[in-house]
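Here is the structure we will look at, set down as structure tokens.
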Amino acid sequence: MAARNRGTELDLGWLVQVRVNQPAVLRRAAQIQTQRAVKKNWQAAWLLRAVSCIDLTTLSGDDTPSNVGRLCYKAKHPIREDLLKAMNMHDKGITTAAVCVYPARVVDAVKSLKAAGCDIPVASVATGFPAGQTALKTRLEEIRLAVEDGAREIDIVINRTLVLTGQWEGLYEEIRQCRQACGDAHMKTILGTGELGSLTNVYKASLVAMMAGSDFIKTSTGKEAVNATYPVGLVMVRAIRDFYWKTGCKVGFKPAGGIRTAKDALTWLSLMKEELGDEWLKPELFRLGASTLLADIERQIYHHVTGRYAAYYDLPMA
């Protein structure tokens, strides 16, 4: 992770001045999606970079210790060893950025990663995920318990009611308290953008989250009807850019929900490179929240190496 975001005082004057030009945002988002894709060796290199930025996730009601153990193994070995050797990348230590689980499964993940002999951090969702509608005291205790169990990153979810009703001071205070509860663990703040009503609210919520000390801002829980979209991502990364220009603090970005294909990953990487620059193309400042994305990336790399697409049995761990 990058250096911690210390946060700032809540600047309501900045929020009052916010205006989002929605037609311009939609045009720019469409432009990013229609750009010519990288090919061949360049595409393979970008896909491996995407792998290193994935928060490999399982957030299902039927998660078990064995499921989590399998996920952790895949996090350490995201691409088949022979494929990496064919690209001369087998000795580069390529893993996913983190493993993301429910608080109840943090102990299982920490144990599995320790047994595998790797230092991949465990991220835990918290604060009444996915709705964020439980009492603040309960949400804060959930963070503390996850950290005590070994989580090094916490993905909190905001109470969207505070955004929809314009209670910016209340939102700022809740996120500040979450930040304190995280202690040394890095905090990613999930905005639930599909439920915020407008791009202007997305920008304002992004600013408040960063002012309150979020190390990352994240689009979605993956449980909303609308999750990570490029217009929303564009608004959020421009909020990050504006916050950096004003404060000098670099905040990370994590799109999550609905990112399933290698093409999706390449588009998000392109957006980050063009809007924030190469520095935001590293896992310290960019993550992809996904559960099925890695399987498609591995298939594309298999095709790059062998010239054919993999059968189901060729990539059993995918």
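Glycine is treated like the rest: Cβ placed from N, Cα and C.
Just so you know, TrEMBL annotations are computer predictions that nobody has curated.
Annotation source TrEMBL lists active site, schiff-base intermediate with acetaldehyde at LYS218. Summarising the annotation, TrEMBL assigns active site, proton donor/acceptor to LYS254.
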Quick note, the residue listed as 'active site, proton donor/acceptor': same-chain residues at least 6 apart with CB under 8 Å of its CB -> ASP55, LYS188, PHE216, ILE217, LYS218, THR219, PHE286, ARG287, LEU288, GLY289
Let me know how many other Cβ atoms fall within 10 Å of the Cβ of the residue listed as 'active site, schiff-base intermediate with acetaldehyde'. 28
